[in-house]
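Over in TrEMBL, the protein carries these features:
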COMPBIAS  134-148  compositional bias 'Pro residues'
COMPBIAS  189-202  compositional bias 'Basic and acidic residues'
DOMAIN    47-114  domain 'Bromodomain associated'
DOMAIN    166-214  domain 'Transcription factor TFIID subunit 8 C-terminal'
REGION    130-153  region 'Disordered'
REGION    188-208  region 'Disordered'
């Protein structure tokens with residue numbers, strides 16, 4: 001007999017015993033007249049500000065400044081954030097994913113409030129737009145995409161049915177092939193030798209006509225009038241004379257090494273700055289574009 005005393009009141013465990021786990025079978029049902037919560041942030045902010053204004057009116061205030069109203073809104077938002085944090089802590093401590101009334105009772109107890117403290121608030125006569133606001137309807141759904149099957153054809157407009165192993169199963173199906181695959185374009189080439197020879201003959205005739213037009217245009221340019229030739233020769237002679245005159249005028253320098261121009265008066269070295277200013281004021285000075293009239297036509301105006 002073993003020295004360890006066995007408890008006769010304890011049921012011995014057998015090999016065929018199955019561990020049973022109890023599950024929650026009751027699911028709380030929502031009321032039929034429950035409206036969905038508003039998701040518009042602007043609507044929620046407007047309702048909060050309207051509630052604060054109503055509370056101020058009940059206690060006897062006639063008006064409120066925007067700065068004070070914003071301060072009240074910040075205080076209410078901070079208080080509600082702390083209150084809901086306590087509710088979440090109670091919910092997490094009980095390993096629940098949805099808050100229950102017990103969590104809110106715990107949060108009220110942490111804030112130092114009991115159920116009888118809420119009775120005066122329940123007796124207040126609030127306007128309908130505060131107690132039961134009308135939630136705006138959700139935005140309309142997007143229109144369905146246009147049907148591109150008549151234009152693209154069944155090969156491109158039909159969604160892809162092939163499944164790829166590297167794409168997870170929870171991903172949406174691939175769109176139509178025209179959205180991610182380009183259509184191959186093949187040029188139609190002529191295979192008939194007779195048609196090929198005819199096309200080559202037509203291209204040769206077109207090339208001959210083009211060369212004849214170029215030759216006729218060149219002959220028309222060569223047949224220049226005698227008056228135009230005389231003007232051209234006169235212009236060339238004038239340009240040659242001007243270039244020869246510029247080559248004959250050698251620049252001279254004064255004692256200080258400055259270039260002196262013809263027609264400019266000599267001044268002393270002490271009053272050189274004053275003389276230069278007077279020269280520019282009188283319209284003199286270095287002319288860097290004196291041959292501007294002989295420049296080629298057709299270019300933009302050059303400002304120097």
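Note that Cβ sites are derived from N, Cα and C of the backbone, with glycine treated the same way.
Note that TrEMBL annotation is computational and uncurated.
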Determine how many residues of the region 'Disordered' (188-208) DSSP places in helix, in strand and in coil.
16 helix, 0 strand, 5 coil
Sort the residues of the domain 'Bromodomain associated' (47-114) into helix, strand and coil with DSSP and give the three counts.
51 helix, 0 strand, 17 coil
